[in-house]
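Notes follow once the structure below has been shown.
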């Protein structure tokens, strides 16, 4: 028994001086980088340099320092020579590995690493090991790790230049040390240098004579190819490593007779053992698992019985009493089935009965041990304590009250250490000592965990524990420098144990005490032999002359082995059994079946023959080995043959490890050298470009003589009668697909809807002049409405420029060239006829020419040059309005009747307006709105430097232009007109109008219906562009076929939820996930008939995982097509337009496409996703690309079925060919299955399924569980279950997708989760009595099925949590039958659904959907503004979960207990929901109510909350604990502290939200009101037991800021009242 690695972290880093001053206490580790060895260390080192050496030195004399000196010298020589050789330091225990690793790392400059099983090295492949070899110089490891690496050919012995073997006396028997030397070292022509270290060079228990000692030493030398060397003059060593003073402590024999007590205990054991025998006899012969369980429990019963008797004899009644308590604490428990529960209780009954028997014998109990004046002699007489234990107590008393004492007490058994430690803690007179115990990490139920071992040893080393009871785990090499006393409570059994345990006493004047029974000749002789052996060993080692001693050649036995020629990996007959078991460990299993090999021996007279049977999911099932002289050898040889066959079949790779099933590149496209880790995850964000739309590119601008365009007419019709919108025509050089160029969509305005229709109108030719006019028109309107016509070339100057005055070629890009022109309004009803409004266009061109000459742009106007006038720009005369019918504009005079709805442009601002009405009772001389100016004339004079020529003209009320809005989304439900938004909506209708003199305006010749249509264009064109991009992708995918899939469906698959459209990829992604899973799963099932379901699952996962889908999507540039941000109309820029909201590219990429590079990937939460720079670069969630791939698969499945989806997957380079020939092969294989004796099962089962199998073997396989291994069938349902899982997942998802088109994607996901799960399938099996036909050999499974059927029949379906959970095998069988039908019908999915729809009915619907309790609680709390808290505590094997919800003045608490944390939390949530329901607080799973939570989250909520997705079990089992309520009593001492409030928008609300969450206060309510173009919000917060607190914020210009103001005042008010502290850390 040895300590694992975790125990090794002991402070060992002493300087050499400290070490020597400690008289050798830490000599094994006490060396420094500046090596200053002692004389005897140098002496041994010089010998070890010259030849292979075994250093025989006392514990504590510094053997490790000699090893470090060798490492240093040889390591430096390797570096100088440039050889790539390694130094290997071997230590037999993990604890020693860690300890020696720390020493070497501390005292050398080499790169050192440690290796042991718990680091997962068993799973490392050659690449991983080669990386370790390249990056480290010294490898410290357990010998088994090295042996495995050599056998697997990860390392060769020739690559090692120095091999150091700590505790090398273990080189005997089957120890890895011996196997390393014999299998590899002695067979190699290039051998490493060997240095062994030991304090006792004999390899057996002891020595009988000098000759025997010589033989043992010679054998050790021969195997290690080394010679022993020891120091003759021990004077110097005694200074640094003083030998402990050895004394004997005698105790009297036990004379108390406990025969009666033993008889009673024996009678109890016999009775319970007989019960187990009877239980065994009742088990069906084929239920081997039950038989094994009873055998194990029966053995456990005997072990407990033996432990109790041992403690009774060796330690006395009290310790026997403690031993029973220890056994009771570890008593087996099982909740798996009734049989297991009864069996486990049998052990407990025995222990409880023995507990009572011993308790009766302890008349006064043992609590009076707490009294200082306890009479120990009387206790010995009564048998309460044994004389041996009494002697130990007296020995401890003799130590006095010194707390500096560190004493190790060695015992043989773990139970001894445990019960004596408990006993000593009760002795009051020893209360000044801190007592503990230490054991190894064995499989014993009494063993300590590695973590506890580590902590205990640290406490002992630091002096916090004085008395440490230990097994032999700390005998070898463990460094406790301050240990002053070692007691052998139980005698050492070997000379090694004697020497090593004595060596733990490191201090001066330390003691080594051996306890002996008086008159016990056997003990005396045993000790005598050990001491004699030590003397012989020491003398023999000293008297050996290295010069005369000749190493005997190591005898190499003939080894039966199999060597892989490709790598050199080998497996021997000796190691083959382990290899076979390791292979079986990798096979799929469930709780009813553990895959392991079965062996059957045949005696042939003078030899044995062994037959091995592997589990049904292994690469092969049976093999008979050759005849051998004994059964053990025959087992090894057949395993060796099995290893060879498994390798030949590919089940073991070329390193003789179970194949990991990494897909081959030629078979399946997987991510091998893709981007950095995290691809396809939500946390990783990536920078990507945006794919250009080829259909919108054009070269027509360069054709001066004209060009031909494809024309697409835009028609608009409003749902309000007489609300007119002008038609437009889109002119592009490319012909759009029919489903792009002919569409209809609804545009949502504030209080109306406009139906937009796009239709193809053939081709049209424009001449050069028309193209020039059209370009100028588009430049004028796009910049006038959505940009700025007047701008400052230099922001520092006030001088403005007219944008269109200079060359405008730079405003057009060849990659984005189209024209959008208004159409004439025709009187006829023929919708197909159309004419471009060239009159209006020409008029606008004239306006542009006029503005080039007459726009008021100069800086002098801004400075108020009063001399400037409009006289030169008007042909009219007079100072007033001569006629009420004529209005003088800047460029013309207009009749009053033509003014209404005229589109005009202001010559001083460049802004475009439409005339709303004439303000007849006003003029420029009327009072101005503000006190800053007296009249409008004064305003224009001072503001713009304009002297009006016609100040008496009535002012015109003009409707201002505004920012374009996103009309693709219906926002009407979330507000009305006049609201303020961050996107530029103005506050109130009054701000939508301007008052202006006519003489500052120029007529455009267009009416308002054209202007209104212009505002529809950004949204319409954005949707058109999206469809063009979708069509473009479709062309790439379908370049060589004619699939009919609509662009709108492709667009849906490309649109993320972040776009805020009324469609997104989520529904298609859900469907595509199932389609992908099915096609890949079916392909793998057919292509790899020899692979088991675990391998198939691994292969499938490597294909369908998000990381691979991400790589495939990137390879096909899907990231450029994805729409991942909401349409921002403010940043919409048409051809010929200058953006007024530029986002300059700061991405560090010059190209439009972003290369796949880790520098363009991040996990920074601050990075905003979905926002584009002006080059089209945007950050995108990595998972979005994976989701898009799945959504496109779903889209193709919807449009064209499985063949279309397969076509798309092949385009992605996923090999998913479903070859009919492979289906035929699968059917042929199944037809050869040998049938179970129960031949009538098939005939009974088929009518229940309403399907008759053509190949009965498929159904036979589908109902055969792996536990039927005993029947030697060679098959089980796992592979068909793998296939059926894919089939049912697809069929149910497709059914839900088709039948629930109006529910949101999240609810569709919930429906699938509720339908596609093992529990649902298990219930379907029981409803149709399919469980009767499951073929298995598991008693546990049979018991659970019986209980499940019974409980399900009694189950109230209204209480989902309390319902039973079905055995997984039942659900698996339902899936496997589906797989069998699929193959039998040659992949006819419709036929499978015909059979399964009635089997699975009723299929859950949204109104019947029940969420898991925890999920339901989360959503309920979210919708009502409550917060829940959870707390889980592990108690033994169970988890105790506590969930709480704060109501107004009551804190409700629900509790749950289960082995599973999730189930325990689910049970707690269930109890809380029940309690909330009693109080009238309920939450339905229906779509209507479930959406309530989302609808209630608006601008009045502190933060926007997303829907939470949680995947939890549908039910839970365990103890039922009701919910409780507690009145809240505030604690004045616990005032919550919050950090400084973030004053950015939303910051105060977030701070308040976090506070409420922390204290479980209900979410506050906000009430915003609008007054005088500003918002004021009132907040109400309820504090339990105190009532409501209400605060009103300050007026703010927008609603969200007013909410922040109210939240901020609430926080300050809470601070003022002493409820919180603001500004804490």
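In case you wondered, yes, glycine gets a Cβ from its N, Cα and C as well.
No curator has checked TrEMBL annotations; they are predicted automatically.
Region 'Disordered' is the annotation TrEMBL gives to one range among 1432-1455, 1456-1479, 1480-1503, 1504-1527, and that range is 1480-1503. Using the rule of three or more Cβ pairs under 8 Å, pairs at least 6 apart in sequence, the domain 'RNase III' (1242-1386) is in contact with the domain 'Dicer dsRNA-binding fold' (576-666). Here the domain 'RNase III' (1030-1201) lies next to the domain 'Dicer dsRNA-binding fold' (576-666) in space: the count of CB pairs under 8 Å, restricted to residues six or more apart, reaches at least 3. Across the range of the domain 'PAZ' (885-1005), the DSSP-based residue counts are 22 helix, 37 strand, 62 coil. Over the domain 'RNase III' (1030-1201) the predicted model carries a mean pLDDT of 93.
Residue counts for the domain 'RNase III' (1242-1386) under DSSP, helix first, then strand, then coil, are 101 helix, 2 strand, 42 coil.
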